[in-house]
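Asker: Got a structure for you, questions after.
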Amino acid sequence: MEAFYYFVFGVLGVIVAATELSKSNKDRINTSQPFNAFKNNYLVVYSLMMAGDWLQGPYVYYLYTTYGYGKGDIGQLFIAGFGSSMLFGTIVGSLADKTGRKRACVTYCITYILSCITKHSPHYKVLMLGRILGGIATSLLFSSFESWLVAEHNKRNFDQQWLSLTFSKAIFLGNGLVAIIAGLFGNMLVDSLNLGPVAPFDAAACFLAIGMAIIMSSWTENYGDPSESKDLLTQFKGAAVAIASDEKIALLGAIQSLFEGSMYTFVFLWTPALSPNDEEIPHGFIFATFMLASMLGSSFASRLMARSSLKVESYMQIVFVVSAASLLLPILTSLLVPPSEEKGGGIKFAGCLQLLGFCTFEACVGIFWPSIMKMRSQYIPEEARSTIMNFFRIPLNIFVCIVLYNVNAFPITVMFGMCSIFLFVASLLQRRLSVIADKTKTEDWSQLRERDAEAEPLNDA
């Protein structure tokens, strides 16, 4: 069965290369030299930030086990990370609108570096502090950088369509290529060079420090609403009012929470799904295959968003339906494929089918990220962008904490079924968002025509 892994990886690699090399003028966006310099600077920083994040991921659980902690203690550490992101991260991330997005990005680097340093200690309280710091850093990573980019892009008067190019390239590199390289690099540090499970965290801190130096030397500051009369509570109230009063923002938040909640649940479920009888599977290689599938998705997304006639709100309905169907495969295989009683060995036929479905889901993830970024740039008001984006992560973090706490309470097929339902609901909400967006544009166009009609008699006079 080892040949199967290489076959899937090879096919995906060929498709990704063919997709990138075969782009025509219709699939590309013509840009200016100043924009390219701005975009490349951001992509370098974003890739370094994601390298710092990806290097840690595969070794967090393993490091805790080497310190002698069991599944229950480790579960509490993970819950603390997501809980910290929900509570402290929301507050710190929201301050970016008031104190500055560049400053928030630097804070991310410092906070995550401190989190990496705590991994050198085997003491549970120190590790818990590291998880809390990591949770705060995660909130800053997924709000402050995007908020800074959108504000700076608009401040420099670049074309709005060019923003989608930066988004798709950031996901292609940061969530795809960098993830694969980070996985291989981390494996080399731990297994080949025998530097121990803490080595990837030290390497992550180095990448974060380099990125922080670039931010401090080349980025300018921008704000949401720097008004001194607005305290944090007023900011929260303003963000809550914006979400409650604008159905488009509320729908966008619900869609994001449903998809990301399913995505994070999938992270916990794919290993037991592929090896229900303790089959030996190459976790690192499968992870690299998933990231390659994500790169394929982001490459497709860049093509889709390059066409001004094709709306993000339209094609994302299909993406959510496909992702829902792909996570139904574990349920279908359990019903249609006779279960194997053999313990150990290689991946079984049902696992092979599920792996193909999981790669499809990861491709949908690759399309989702730049597309949701594009929609957030359109619908979320600039003055409270970071605050609202962190509000969106509150239900997500609650959901993930509940899943982590009850991960052994339900059969794996029930968990996948729940994720599939969430994704189908996301497609329905996306349909609603598309209808409202079209209605708003029609009303704006009608008002513009009425204004022009009223102005014509004045011009004749």
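We count from 1, first residue shown onward.
Cβ atoms are placed via backbone N, Cα and C, with glycine included.
Just so you know, TrEMBL annotations are computer predictions that nobody has curated.
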Asker: Looking at 129-150, 239-260, which one does TrEMBL call transmembrane segment?
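Answerer: Checking TrEMBL against the ranges 129-150, 239-260, the transmembrane segment one is 129-150.
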Asker: Taking contact to mean 3 or more CB pairs closer than 8 A (sequence separation of 6 or more), are the transmembrane segment (349-369) and the transmembrane segment (170-189) in contact?
Answerer: yes
Asker: Using a cut-off of under 8 Å between C-beta atoms, tell me which stretch among 43-62, 170-189, 285-306, 318-337, 390-406 contacts the transmembrane segment (412-429) the most.
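Answerer: Stretch with maximum Cβ contacts: 318-337.
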Asker: Six or more residues out from either end of the transmembrane segment (74-96), which same-chain residues have a Cβ under 8 Å from its Cβ atoms?
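Answerer: Apart from its flanks, the transmembrane segment (74-96) reaches 61, 64-65, 103-104, 107, 127-128, 131-140, 143-144, 147, 224, 232, 235-236, 239, 386-387, 389-391, 393-394, 397-398, 400-401, 404-405, 407.
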Asker: Can we call the transmembrane segment (170-189) and the transmembrane segment (43-62) in contact, meaning three or more C-beta pairs below 8 angstroms at a sequence separation of 6+?
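Answerer: The answer is yes, given that the two segments have at least 3 Cβ pairs within the 8 Å cut-off.
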Asker: Between the stretches 6-22, 43-62, 129-150, 390-406, which wins on the count of C-beta pairs under 8 angstroms to the transmembrane segment (201-219)?
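Answerer: It is 43-62 that shares the most Cβ pairs under 8 Å with the transmembrane segment (201-219).
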Asker: Any residues 6+ beyond the ends of the transmembrane segment (129-150) with a Cβ under 8 Å from its own?
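Answerer: For the transmembrane segment (129-150), the far contacts come to 42, 45-46, 49, 53, 77-78, 80-86, 88-90, 92-93, 96-97, 101-102, 104-105, 107-108, 111-112, 114-119, 163, 166, 219, 222, 224, 373, 376-377, 382, 385-386, 389-390, 393.
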